[in-house]
Amino acid sequence: MLTPALPTQGSYRGRFAPSPSGPLHFGSLVAALASYLAAKQYHGKWLVRMEDIDTPRMVKGADSHILRTLEAFGLHWDEPIIYQSLRHNYYNDVLSELQQQDLIYSCVCTRKAIKLNGGIYTNQCRALQHPADGNALRLRQNHPVLQFTDMIQGTINTAPPLAHEDYIVKRRDGLHAYQLVVVLDDIAQDISHIVRGADLLEPTARQLGLFQQLNKPAPQFAHVPVIVTKPGLKLSKQNHAPAIDQNNPQPALCRALNYLGLSVPQDIAHSRSEDILSWAQNHFNLQAIPAVGELQLDECS
Ligand code: GLU
């Protein structure tokens with residue numbers, strides 16, 4: 001476990017970036033809390049960004065439900081919320097620049113074909129000049145990242161075939177890919193620290209490579225354990241994620257803090273969310289968070 005490089009007072013900018021594909025569940029609350037507390041501990045700003053780019057997966061009204069839940073838990077954001085669905089011009093402009101530098105090419109390989117071929121795309125369409133229309137666009141991986149340091153999980157290695165994979169930046173259906181837009185928005189919002197769930201540990205190397213490709217400083221990353229019901233099974237609506245009760249946030253708040261290594265004293269546990277959070281801010285320590293990829297729902301009480 002590593003101590004994060006200390007940002008200068010006030011320079012910390014963190015964010016929580018939910019995809020509004022359903023209401024906020026307990027696992028996302030743990031990630032939101034970790035990013036909020038880290039930002040507040042460094043006297044930084046905490047931003048919320050709606051990652052509603054994958055339109056077929058979005059659920060109407062989920063964005064406002066998530067925001068109401070955050071507010072009920074005392075998690076108030078510091079700047080206006082941005083919605084990725086409104087930022088296509090920005091993403092297209094960056095894509096055009098990459099295209100002009102001959103860094104983008106069309107790929108006809110289906111997910112099924114790649115899976116049959118071992119699961120990793122081996123850049124076979126690079127020189128084939130497929131038409132752009134109806135095909136996915138990939139970015140030439142000129143900045144493979146084989147190793148990086150995560151503030152919670154320590155040294156993370158990426159196996160060479162994956163690190164060298166040219167990845168999709170615009171999907172066959174015309175939608176911009178998460179891999180591209182998450183980095184573009186972290187740049188646009190000047191994010192200095194990303195604290196999020198460990199399910200996103202693997203794409204981090206790729207994202208660090210994109211910061212390099214775009215010649216921008218990369219944020220520091222900290223990945224908190226994902227909450228699972230049994231090994232490998234993330235919490236979801238389908239597998240009995242504990243309901244988050246906006247009208248009675250204290251029990252879930254204390255439980256979520258427990259997963260982050262914080263045991264809320266009884267005399268504070270029934271106070272307002274804001275009071276519990278201000279206690280948590282004073283006691284939060286990234287190094288107290290277990291350096292594991294997942295924690296089972298019953299591992300804390
Ligand atoms: N929108 C992503 C999710 O909800 C999170 C992306 C990120 O934090 O980088 O899983």
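Positions of Cβ are set from backbone N, Cα and C atoms, glycine also.
Annotated in TrEMBL:
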| type | residues | note |
| --- | --- | --- |
| BINDING | R15, F16, A17, P18, S19, E51, Y178, R196 | L-glutamate binding site |
| BINDING | C107, C109, Y121, C125 | Zn(2+) binding site |
| BINDING | K237 | ATP binding site |
| DOMAIN | 13-280 | domain 'Glutamyl/glutaminyl-tRNA synthetase class Ib catalytic' |
| MOTIF | 18-28 | motif ''HIGH' region' |
| MOTIF | 234-238 | motif ''KMSKS' region' |
Residue pair Y178 (L-glutamate binding site), Y121 (Zn(2+) binding site) - Cα distance, angstrom, rounded: 17
Neighbourhood of ligand 1 - binding-site residues from A17, P18, S19, E51, C107, Y121 with Cβ under 6 Å: A17, P18, S19, E51
Any further residue of that chain within 8 Å (Cβ to the Cβ centroid of C107, C109, Y121, C125) of the recorded Zn(2+) site: V108, I114, N123, Q124, A136, R138, D166
CB within-chain contacts under 8 A for R196 (L-glutamate binding site), separation at least 6: F16, A17, A31, S35, F221, A222, H223, V224
Local confidence of the prediction over the motif ''HIGH' region' (18-28), expressed as mean pLDDT: 91
Between E51 (L-glutamate binding site) and C107 (Zn(2+) binding site): CA-CA distance (Å): 25
C-beta crowding around C125 (Zn(2+) binding site), within 10 angstroms: 18
Surrounding CB atoms that lie within 10 Å of the CB of Y121 (Zn(2+) binding site), all protein chains: 22
Cβ-Cβ distance under 8 Å to E51 (L-glutamate binding site), same chain, at least six residues away: A17, P18, S19, P20, Q84, Y178, V181, V182
Between Y121 (Zn(2+) binding site) and R15 (L-glutamate binding site): CA-CA distance (Å): 31
Env. residues of L-glutamate site, Cβ within 8 Å of mean position of R15, F16, A17, P18, S19, E51, Y178, R196 Cβ: R49, M50, V182
